[in-house]
Each structure stands twice: as structure tokens, then as C-alpha cells.
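**Student:** Annotations for this protein, taken from TrEMBL, read as follows:
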type: TRANSMEM; residues: 30-50; note: transmembrane segment
type: TRANSMEM; residues: 56-75; note: transmembrane segment
type: TRANSMEM; residues: 87-105; note: transmembrane segment
type: TRANSMEM; residues: 133-151; note: transmembrane segment
type: TRANSMEM; residues: 157-177; note: transmembrane segment
type: DOMAIN; residues: 184-379; note: domain 'HD-GYP'
Amino acid sequence: MRHGFIKFAKFFVDNETISRESRQHLASRAWITFSGLLLVVILPFLTVEYVQNPDVQHLFFVINDAVLLLIYLLLYRINQKLPQKEIFTLVLAISFYTCLTIIPIRHEEQLILNFALPTIVASFAGKRESSIIFAVCASLASVVYSLWALPGEPFPYLAIVCLLFLAVLAYQVDLILDSMMTQVTSAYDRTIEGWSQALEMRNHETEGHSHRVAELTMQLVKKMGLDECRYVHIRRGVLLHDIGKMGVPDSILCKAGPLTESENLVMRKHPEYAYHLLENIPFLQPALQVPFCHHEKWNGTGYPRGLKGEEIPLEARIFSVIDVWDAMRSNRSYRAAIPEAQVVEYLRCETGRSFDPAVIKAFFDMMNFELDKEPAKLTLQQPQVAKQA
């Protein structure tokens, strides 16, 4: 459990911006964890009460809380495996039952107090209005329970008003949090786009390249069904894929013609420059795989680490196809843009060598190209084609 809290806290340290769905998963996990700990604290007291008064009522609460504890442990295990909507519905329903049966209810205010935690957390773990809906349902349940089980007790007006106030407060806090996170994310993304534009201003040949490949990469990422929570990090990695070229001298980066062997060795260091430049920026760590690994090849002949096959991160395998496609289809000082048919043929020939066959298949499907076609003989010189990729 201690490890879970450390992991939970570290997530916020390492991710200044996280998606709403990720925050919902985290809120659900915190909700489940606190409920489980509460049961761990209460269960020994209920057991002592049962030993002192071994009747059916006390036995029910001991067995009930023990079963609930097991259920919360199971929910903790499956929290990240089920869709958030399903896990939220389960936690909400079980929490409602827990509030009614966790301990003997002796007065109405105690029941309202039991409903306080789920009311506060519901907006963060589900839809924003969930706290208000839960509070209304809890208030109605409290009224019905009071009339049925506690006749003659004063009606808990103040407790119900306080519960509804908590619900509205949770709604407002979630609204403010969403607004703040949107502003922070927007600021980060504008900064990243500024870095990308600064690099393109240094080398006018690649002007517009980063934004073109970003849009096309995201289309392919969506077609291949990657988790939506990875989208923002992949896009950031794509926009910064050539940030390491800031460390490459102008005489090499802007050279009008093919590079010499020694110049090419310098150019091939730019993924490592990118890694060292970005590795200490926490919110960019999930995006590092694209700038660091997009020159790796499926057959292990790429750089900087010579990764092979699925050792190469999927986002880098996806982007490498888009990067080469755009580079070959763009004008360079040492050549004109290569015709589409030749680029398609090049990609087809390099399937299983430079590129992941599954990524090529998805890209060809997206672009309506034919994959199963007899390869033609190419006359392209790869070093010249890929110099600025």
C-alpha cells in the first residue's frame, strides 16, 4: 500500500499535465485506497464489539466489512484494466452500499457523514455533475432510512444542506482544475511549437516539416488504435523530433549537397543531443522516445542504439515512416521533391528492413496505396534522400 501512495505522488511530480481520464483513474484509485484503509481501521473495532456482544447484528457488520474489504482490494487491482466509466460505476455503487452498512447507524447525521467522501470524490472520478447527483441520491436515501429505521429522530436539515454544499464545491473545484490544466497544457504546447519553429528558422529547407509530420503522424496513430492518453506525448515528441539538430553546426545542417562520412557522423548524433536536452524536463519525458529513436530501423541497422524490431518504441516506428515520407516528398537544395510513386515504392521496398511492416500496412491503408505489389527497381540514393529527415 505504501508503494501505491509513493507511485501516486510521483505521478504528479513527473506529469505536470495529465488527461482528464488519467485524473479520473487516479481519483478512483485514491477513493478505493481510502475506503479500503477505512475498513481496515474499523474492522478490528467491530470484531471487538462482536466478541463482547455476539449477536446477529454485530456478526453481520463484521462479515459485511470483511467482504467489502476484499471487494475494494479487487477493485484496486482492476482499476487500471477496466474502462474508467465501468470502474467508476462499480466504485460508486459499492460506495453507496458501504455508506449504508459500514457501521451501525445510530442517528441521521452519522449517515450523512458517511456519504461525504463519495460526494467529494465523485466529480473527480467521473462526470463533473456526479457529485451533485450522488449527493441528491444520498439525501433521499438518508430521509427514507430515517423514516424507516430511526422514527422520531429530528430531521437532518443542516446535514443534508452541508452535503449538497460539498457536492457543489466539488463541482466547482473540478471545473477550476480542468481550466487550470487546459491553460498549463496550452502554455507547454505553445512553448514546444516555438522551439520547433526556431529550429525551422535556422534551416529554411525544413520549414513546415514539423507541423506536416505532426498532423500525419497523429492520423496514423489514431488509425493504429493507440491509447488516447498517449496522443499529447506523441505529438510533442514529433514536434521536437529534430530538436537535437540545435547541436549540429550550420556548416553541416545547412550544407547544400550530400554530407561527407565525417559530417554524417556528426549529424547522426542529433538524437542523442535531443535526449540529453530534454531528459531533465519532467513533462517531456513521456515524449522522449520519438526524438531519441526515430532513426532506428526495423532490422537493427539504425542509430543511435541499433535497436531492432519491437525493441524500437511503437511511436518512433510510426513516426519514422511519416518522417521519411515527408522528407522525400519535399524540395531540398540538392534535389527536387521525389514523385509520390517513387516514394511509395521506396517505402514498400524498405518494409521489414527500415520500417515495421505493420506500420507500413496501416500507412498504406490510410493513404490508399497498394501494398501487395511487385517491387520495382529503385534508383534513389538513400543517404541523399534522408539527409534532412
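Keep in mind that glycine also has a Cβ here, set from the backbone N, Cα and C atoms.
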**Student:** For the domain 'HD-GYP' (184-379), what is the mean per-residue pLDDT, to the nearest integer?
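**Tutor:** It averages 86.
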**Student:** Any residues 6+ beyond the ends of the transmembrane segment (56-75) with a Cβ under 8 Å from its own?
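**Tutor:** Contacts with the transmembrane segment (56-75): 32, 35-36, 39-40, 42-43, 46-47, 49-50, 87, 90-91, 94, 98, 101-104.
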**Student:** For the transmembrane segment (157-177), find every same-chain residue at least 6 residues outside the stretch whose CB is under 8 Å from a CB in it, and list them.
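**Tutor:** Residues packing against the transmembrane segment (157-177) from afar: 23, 108-109, 112-113, 115-116, 119-124, 128-129, 131-132, 134-136, 138-139, 142-143.
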